[in-house]
Amino acid sequence: MPPSQTPAQGSGRFLLLSPPSLSSHPEKLNAILGLHARESTDLQMLDRLALGLVSLPESTYDVVLLLTGADNTLAETYRLVSRGVLQGVVNSLKPGGKLRNRDNQIWGSGSDSAAGLGSSDGDGGGGEKMSSSEQAFRNEAILAGLVFDDRGELAKPDFGAQQAVPLKLGRKKNLGESAFGNGAVELPASNGVRVTTGATSSTTTTTTTTAAAAAATAATPTTTTTTTINSSTPSGVGFIDFSDDFGVPMVEETQDSDEELIDEEELLGEYDMGRHIVQPPECRPKAGKRRRACKDCTCGLSQKLEAEDRAKRANADKALETLKLRTNDLAEVDFTVQGKVGSCGNCALGDAFRCDGCPYIGLPAFKPGEEVRLLNNDVQL
């Protein structure tokens, strides 16, 4: 099918994924947009989607269309569609939605597929030999959850509505009455030991017999062991001794055994650590309001807020460094000099009556003319 043609599209909501090279040719992009209803068609750039700058809504689109680049090939598209991008595209498809390309040459309902000239593997591909990038894209699409339908198109499977199915468990009726008539229940025999529990009796009798003795008389047991049980035991209840090891020694594992411990750091590779964190829309900060991070934050908002707090704290500590006074900034006050009083003349009355420049600020009230001395940092009047 020539690149200028586009297969007929059905009704529904469409998503067009355009490579960045197509944005430099607006005439081609406008021609493609003109083939679809604008009110039911969305356009996204693959490079923005790959960088995590935009996110796709879930279960919204009926058809996702991959556009070819400016060179009319899908090479640029395959290079940008990574595993994470493809998983987001699959999540945005409705159940039964289709993933198509513009020309339907690699998959889809092209003329080769419709005529039954697909590849020998029967997966709906075209008759031409696929390149490594095309085959890798098909494999990633299958791993993301897409399947090939009867027409050879990549589709999201529709599993239908899930509902709970009640399960009715069968129950044997009158098991004890049919066996003994008195409500007693016989447990399965093991190693020639038969265990019988009585409904009204307060004892459980364990009897071991041989085949010859049983044929001679059923009333003469070889060995009889009687264990007293609480009289409140309900009918038809048996007891199992879980402490019995049946002759097999039990090996206790040491507490310091770390054979089954898994290092979580080994589960993430360099590719996973370098991937861009996609922040959910509800965690994105709004203008004029600072959003608090969740307790188990995994989108990176908690680390971002902690980094901002550390930067603010560092700037505040730098601005509030210890104030160092130079010699010119110091002033010496000698209280022994006679006649040195404030301009208000109320120095002896106390701080409440002294002016701002009074040399006696901080000293208690004293009598006018009284000598003031300082001994061991204490005021002596």
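Backbone N, Cα and C atoms are what each Cβ position is placed from, and that goes for glycine too.
What Swiss-Prot records for 8-165 is region 'N-terminal SAM-like domain', and it gives sequence analysis as the kind of evidence.
Positions annotated as region 'Disordered' by Swiss-Prot: 100-134.
The compositional bias 'Low complexity' annotation in Swiss-Prot covers 108-118.
Summarising the annotation, Swiss-Prot assigns compositional bias 'Gly residues' to 119-128.
Annotated region 'Linker' per Swiss-Prot: 166-273, in sequence order, evidence recorded as sequence analysis.
The list of residues near the region 'Fe-S binding site A' (283-299) in space but at least 6 beyond its ends in sequence, with Cβ under 8 angstroms from a Cβ of it, reads 277, 305. The feature region 'Fe-S binding site A' is assigned by Swiss-Prot to 283-299.
As annotated by Swiss-Prot, [2Fe-2S] cluster binding site applies to C283, C294, C297, C299, with the evidence given as sequence analysis. Of all Cβ atoms in the protein chains displayed, 15 besides its own lie within 10 Å of the Cβ of C283 ([2Fe-2S] cluster binding site).
What Swiss-Prot lists as region 'Fe-S binding site B' is 344-358, and the listing cites sequence analysis. As a whole-number mean, the pLDDT of the region 'Fe-S binding site B' (344-358) in this prediction is 79.
Feature annotation from Swiss-Prot assigns motif 'Cx2C motif 1' to 344-347.
When secondary structure is read from DSSP and collapsed to three states, C358 ([4Fe-4S] cluster binding site) falls in the coil class. Residues annotated as [4Fe-4S] cluster binding site in Swiss-Prot: C344, C347, C355, C358.
Taken from Swiss-Prot, the feature motif 'Cx2C motif 2' applies to 355-358.
Taken residue by residue, the region 'Fe-S binding site A' (283-299) breaks down under DSSP into 1 helix, 2 strand, 14 coil.
Taking CA atoms as the reference points, C294 ([2Fe-2S] cluster binding site) and C355 ([4Fe-4S] cluster binding site) are 56 Å apart.
In sequence order, C283, Q303 are the residues of the chain that are 6 or more apart from C297 ([2Fe-2S] cluster binding site) and have a CB within less than 8 Å of its CB. Cα separation, C355 ([4Fe-4S] cluster binding site) to C299 ([2Fe-2S] cluster binding site), rounded: 61 Å.
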